Amino acid sequence: MGKKQNNRKVVKSQRKSHREKEEETLAKLQERIDAYDPVVDEKSISQFSDLPISEETARGLKEASFASLTDIQKKTIPISLKGEDVMGTAKTGSGKTLAFLIPTIESLIRNKITEYDGLAALIISPTRELAVQIFEVLVKIGKHNNFSAGLVTGGKDVKYEKERVSKMNILVGTPGRISQHLNESVGMETSNLQVLVLDEADRCLDMGFKKQIDNILGHLPPTRQTLLFSATQSDSVKDLARLSLANPKRVGISSDQELSATPESLEQYYIKIPLDEKLDVLWSFIKSHLKSKILVFFSSSKQVQYAYETFRTLQPGISLLKLYGRHKQTSRMETTMKFSQAQHACLFATDIVARGLDFPAIDWVVQIDCPEDAATYVHRVGRAARFGRAGKSLMMLLPSEENGMLKRLNNNKIELKFMNIKQKNKKTIRPQLQSLCFQDPMIKNLGQRAFISYFRSVYVQKDKDIFKIDELPSDKFARSLGLPGAPKIKFKGGSDNKEKKNMSRQLAALSKSNNEGDVVPEEDKKVRTKYDRMFERKNQTILSDHYLNLTGSKADTAEKSDDDDEDFMAVKRQDHELRDDELPDLSIPVSKRSAKKALSKKASVAGKGNANKLKFDDDGVAHAIYELEDEEDFKKQGDARVQKDTFLNKETELMNNADIEDKLTAKEKRQEKKRKRKEMEKNMRQESDDEDENIQTVVSIGGDDIDLDRDLEHSSADEDVPEPKKPKWFDNDKNVNKDEDDGVVEYDEPQTLEDLEALTSKLLEH
């Protein structure tokens with residue numbers, strides 16, 4: 001017993017000393033933070049090791065190869081460590097992710113958050129890819145801390161997340177899924193929340209997450225630290241900051257230090273090109289940059305699919321990838337990882353990639369379609385030249401888009417250089433695209449959908465000084481896609497389509513989910529047969545509504561009895577003038593006898609008179625078949641004798657022509673009849689020759705019995721009358737005389753047994 005008590009005392013003393021050491025370390029750390037003056041100490045800080053942060057965080061930053069601080073990190077991290085709200089603005093690729101992750105981890109360390117305290121930090125990003133990237137950086141720099149972190153995004157199992165979300169200290173996710181967990185997950189408690197981070201806040205609002213963000217803010221306690229970061233500052237972002245931040249410190253790179261919103265190491269070019277030559281130029285560009293890492297932006301997912309499928313079939317000699325919003329989560333993650341790890345590759349993508357994602361070492365950012373505004377341009381080209389690295393961008397502008405877009409960019413202090421395209425380097429792929437569309441119906445369908453989606457994307461744009469849909473050559477663009485003609489397009493509400501395009505598709509799915517968070521699939525539409533429609537059919541007679549009112553239930557009449565007194569002496573309808581469409585049709589029969597008479601065809605025809613046949617001339621004017629002329633009209637045509645002679649000559653000519661045709665017809669009929677007769681005679685001769693060849697001679701020797709069956713087999717079944725017998729050899733005197741004269745005896749072939757005996761006796765005599 002004594003040893004156990006001594007061991008317990010030792011353990012308690014060790015725990016006490018450990019706690020005292022931690023408290024002492026935290027106290028010193030807090031002193032450093034309180035003593036920090038952003039105005040004085042900002043220039044002296046250049047490394048992460050100079051910051052007043054914990055040893056665990058500093059070790060994680062060192063192992064992740066993060067050493068130097070960027071401008072936004074120098075200004076933001078010390079203020080955030082003091083616990084103040086921050087509204088940060090900086091250009092893309094400036095290191096905003098570490099600017100809010102380090103203060104988040106340090107805040108949890110100073111508040112002594114453990115795994116039993118529940119949710120303490122919430123980080124919200126607009127896209128799944130950006131959330132995954134933030135989570136990966138968080139794991140790298142915070143692996144030496146004892147916090148639990150989780151990632152919740154759309155496209156994953158909600159039940160699996162609900163079972164574990166209550167045990168997380170740091171939660172990274174998209175607005176839609178976080179809002180769903182706050183509404184449905186029982187164990188998700190936010191009363192102990194310390195830090196809220198909104199990354200790419202302007203993009204969250206543009207994608208239609210305003211309601212979800214408002215819902216999230218309603219669940220969070222007011223005593224929290226809020227960090228809001230964005231590359232641009234819009235009115236909606238300022239409104240959000242006013243609602244969620246308390247006395248925020250606005251941090252950003254000043255205009256004196258930054259001439260434009262794009263990185264200084266980025267070389268920016270643009271070319272002026274017709275719409276129908278964009279794919280040819282893109283193909284030529286890829287073929288001439290096979291040893292580069294290229295990111296190509298399109299305005300719609302349909303264009304991404306068409307370009308990917310056609311270029312993949314033509315095999316440019318570089319790895320091709322595609323990424324757009326309708327991809328499944330696993331496929332999107334796989335594509336993101338492949339492009340990040342690839343040294344030379346080309347990624348076709350939509351604006352889903354334009355925000356926050358950090359792809360290492362991108363050489364070229366190519367914008368096939370004009371961005372909707374200057375902010376979108378900044379985010380697109382910001383994928384290259386990140387963290388001071390070199391990079392280039394190329395934007396293709398139509399002649400109708402050049403002046404307006406360059407004016408918008410100049411207003412934001414963004415200058416682009418014009419690039420000429422050498423015709424010898426440009427290769428056309430229009431014949432190959434036409435061949436692919438002709439051979440593969442799937443590619444043809446993708447081309448049609450790409451055509452329609454491009455025109456719709458131009459139609460929904462608000463800046464009509466840049467996007468002029470009336471000046472787009474639709475027929476030439478359709479032929480450049482390999483299509484035989486321009487498909488028909490129906491345009492509907494532009495503003496509604498714009499909101500639907502930017503809104504997250506996961507929100508629509510979440511609105512249809514049940515209490516368990518599972519998305520309820522829509523019921524398949526059943527095939528309705530004619531019998532189903534027959535049983536669903538109601539009374540179609542003209543008295544149906546009136547009949548239902550007359551045969552209403554007693555309960556209905558009882559309920560309406562109380563209202564009858566209120567309607568007493570009430571004006572139902574004021575006197576007014578009747579319109580023509582309100583007058584009744586008196587021609588409709590009102591009695592059964594009249595209706596029966598109207599259905600009788602004979603009775604209906606009797607009162608209508610005789611029918612008149614009409615003929616129509618070339619102008620569509622109706623004339624009677626026989627029209628009588630007046631005497632005056634007849635005299636206007638000339639003398640009667642002249643008219644008579646003209647009529648006779650005309651009719652004579654018609655008769656002569658008809659006579660020639662009749663003679664030719666008669667001649668053809670005679671020749672045809674003669675040909676058939678000759679053919680019939682020829683067939684008869686062939687049949688007779690075949691019968692003669694089939695005749696066989698049978699000689700029976702010995703025995704008195706005659707084989708009648710064998711004789712019948714060789715007899716003709718068609719012979720009704722037997723042929724006359726030929727004269728015998730001994731009855732023919734001419735043969736005898738001839739034999740005597742020539743010395744040669746000729747005998748007929750014996751046909752019967754008697755002939756054979758006679759022949760034998762004759763031979764014996766000779």
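Quick reminder: no glycine exception, Cβ is built from N, Cα and C everywhere.
Per Swiss-Prot, compositional bias 'Basic residues' is recorded for 1-18. The region 'Disordered' annotation in Swiss-Prot covers 1-25, 488-525, 572-614, 649-752. Per Swiss-Prot, motif 'Q motif' is recorded for 46-74. Annotation source Swiss-Prot lists domain 'Helicase ATP-binding' at 77-251. Annotation source Swiss-Prot lists ATP binding site at A90, K91, T92, G93, S94, G95, K96, T97, citing sequence analysis. The annotation motif 'DEAD box' is assigned in Swiss-Prot to 199-202. Taken from Swiss-Prot, the feature domain 'Helicase C-terminal' covers 265-437, and the record attributes it to sequence analysis. If you look up Swiss-Prot, you'll see 493-502, 572-581, 660-671, 678-687, 709-738 marked as compositional bias 'Basic and acidic residues'. Marked as compositional bias 'Acidic residues' by Swiss-Prot: 739-752.
Counting residues per DSSP class in helix, strand and coil order gives 12 helix, 0 strand, 0 coil for the compositional bias 'Basic and acidic residues' (660-671). Each residue in the compositional bias 'Basic and acidic residues' (678-687) gets a DSSP state, and the totals come to 10 helix, 0 strand, 0 coil.
Counting every protein chain shown, the number of other Cβ atoms lying within 10 Å of the Cβ of K96 (ATP binding site) is 24.
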